[in-house]
Amino acid sequence: MSGVGCMNNNREGSSLSTISNTLSAVNSKPRSHSINYVSSDYESLDYDHYESELTVREEKLNGYKTVVASNVIRWLIYFSIAICTAAVGIFIDTVIEYFCNWKFQSIRNCIDVKHSTVECLIIWILFTVIPTLVGCCVVLFMEPSAAGSGIPFVISYLNGIRIPRMTAVRCLLVKVISVVCVCIAGLGGGKEGPLIHIGAMVGGSVVEAWWKGFRNGPGRKVIGPLQNDRERRDMMAAGAAAGLSAAFGSPVGGTLMSLEEGTSFWSSSLMWKVFFCAAIAFPTYNAGKNVLFSNNTSLLQMYCPAGSYNEISSFWLRTQEESIRSLFHYPIEAYSVVPLLVYCVIYFILTELTVGLNMSAGLFLPSLLIGAAWGRIASIVIHYYSPGTIGVDPGKYALLGAAAQLGGIVRATISLTVVFIEATGNVQFLLPLMITLFTAKWTGDFFTDGIYEMQIKLSGVPLLVSEPPPLTSDITTEDFMSDTVCAIPHILMVGKLVDILNTTKHNGFPVVASKVCFCRTRNIEHKCYGLLKGFILRSQLNVILEHNLYLTPLHDENYCTKLELLRKSTYTCHDTQQFQRLKVDEDERGIVIDLRPYMNSAPYIVRLVST
């Protein structure tokens, strides 16, 4: 095995200018959140499987029955995620439906019964201002991470970035409250995008609940192999797919969206688990909605005589779902061009303003509404100038317009095609939808990145793109490696280890066969660190020191306790401070600690000449 490599920075080339701006942005403070800002507050998930003497011993002692039991528990967790995600979605719909019906019925009574325009405006303003104020305050003062749709953070997490507060229960509650307030206020935001984030948070919260429920007693042997970032990330991917499946009634589309936009590490087994979760969430959510709600297909009469209706009120005095349903299904005579055009422009501006608020609001349904409106305008224009044209169905044009608008914003193609096919139940729309979505994506990519990619960059999340920039084949590892590197001897004193942890901010350390820990910077001559023996995480070292694991020898009676503590560190560090100063008693600083039982003895190695 090769030793830990040494670097020098004497190479010069034109390719270095390609990454110089990016490197200069790392570890710097944001200037009004520029698009090139990369925050140093984010760390990667510990996706690599933890393998050490402890895990090998556990596998031998537990046997095959524990493996089977763990697989059964894993599928039960996915089932629980689907049910909980659907339940949260039903709760959100119930609250929104109740308050929106109260709001619209009060306005109708003021107009039709009391004939009081002033009272109508007062009720409208109160039902807009109060929910907006509540939705903003809970996000600003309780959980700022709940702002927006949350999809950029879901994408980042599923691609290996550790997002703070991603699985916090308070973030979930604030998200639900805020998205309900957005829909009640009638702002330009929907619940579909936040429901994807909510599903991911439910996935993380449910798996933590299972971990805590089985940590005592014999069940901890079964749940132990599931206590890692890999399992948590897979279950959060399933939760995100369940949220999309419940929102649009598209299990396959939710699975493909999780693949296309989110998860970078994918396998056939994960695909089946995600699809299973999405397939359970959809009928559960749909059954709850069918029991609680009924379809309303009546036209609204605001200041209109009998036999007539108000086109503008059909948009603004209904929920978003009812409005988009009317755009898809009403005959061509139901709406004229001017009301549709006014609604399209005003709602577009309202959506832009809502995105800038510190509230939990998604872009899926507003995009569908805007696209369906101008798609229906196109059908009316075609019907007007070509009255003899056969097949001018406004619903079809509204569907294609909605697909174009949403595809141009989200820049997803395959998954959105399947979502629309499953939502409409008509495979004949496959080719037109594919052409529309691909055209919208290519046109949008010619000018800018997608909305979620831009939000990820503005947040400073260090998310790698799928392909490297062109003309960078001559850039090697030593060109862009920054900061100091610290290697730890596999046998050292506790005091030395504490000093290393308190003076560095690395979350992982190479373990070498050396008696001296060499640190290096770009300002000193690089030295050899010794023969690489393994790799160990900061969180694991913290557990070893905090719980004094080095004071007891490793044997069959206590290995399970030590392994449980080490595994716990991998999922409790999500919402805790990363770097804490450690203190040990002076009489313990001279104790010698052997890291070999705790380290990963087969880490991945990247050579200096790797490009």
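Any Cβ shown, glycine's included, is placed from N, Cα and C.
Whatever TrEMBL says is automated annotation, not expert-curated.
Positions annotated as transmembrane segment by TrEMBL: 75-100 (among others).
Here the transmembrane segment (121-141) has long-range neighbours at 99, 103, 106-107, 110, 147, 174, 177-182, 184-187, 357-360, meaning same-chain residues at least 6 beyond its ends whose C-beta is under 8 angstroms from one of its own. The transmembrane segment annotation in TrEMBL covers 121-141 (among others).
Sequence-distant contacts of the transmembrane segment (147-164) (same chain, six or more residues past either end, CB-CB distance under 8 Å): 41-45, 47, 139, 175, 178, 193-194, 196-198, 200, 233, 236-237, 240, 258, 261-265, 355, 358-363, 452, 455-456, 459, 461-464, 574-575. For 147-164 (among others), the entry in TrEMBL reads transmembrane segment.
For 171-189 (among others), the entry in TrEMBL reads transmembrane segment.
Tertiary proximity for the transmembrane segment (195-214) is limited to same-chain residues at least six positions away from its ends with a CB under 8 Å from its CB atoms, namely 73, 77, 80-81, 84-85, 88-89, 92, 149-151, 153-154, 157-158, 166-169, 171-172, 175-176, 179, 220, 222-223, 226-227, 231-232, 235-244, 246-247, 281, 360, 362, 571. Look at TrEMBL and you will find 195-214 (among others) tagged as transmembrane segment.
As annotated by TrEMBL, transmembrane segment applies to 235-259 (among others). Sequence-distant neighbours of the transmembrane segment (235-259) (same chain, 6+ residues past either end, Cβ-Cβ under 8 Å): 77-78, 81-82, 85-86, 89, 154, 157-158, 166-167, 191-192, 195-204, 206-207, 266, 270-271, 273-282, 284-286, 364, 412, 414-416, 418-419, 421-423.
What TrEMBL lists as transmembrane segment is 265-285 (among others).
The annotation transmembrane segment is assigned in TrEMBL to 327-350 (among others).
Residues or ranges marked as transmembrane segment by TrEMBL: 362-385 (among others).
The transmembrane segment annotation in TrEMBL covers 397-421 (among others).
Within the chain carrying the transmembrane segment (171-189), a Cβ under 8 angstroms from the stretch's Cβ atoms is held by residues 88, 91-92, 95-96, 99-100, 103, 127-129, 131-132, 134-136, 138-139, 142-143, 145-147, 150, 165, 195, 197-198, 201-202, 205, 316, 319-320, 347-348, 350-355, 357, 359-363, 365-366, all 6 or more beyond its ends.
Non-local neighbours of the transmembrane segment (265-285) in the same chain are 47, 74-75, 78-79, 81-83, 85-87, 89-90, 160, 199, 233-234, 237-239, 241-246, 249-252, 254-255, 258-259; each lies 6+ residues outside the stretch with a CB under 8 Å from one of its CB atoms.
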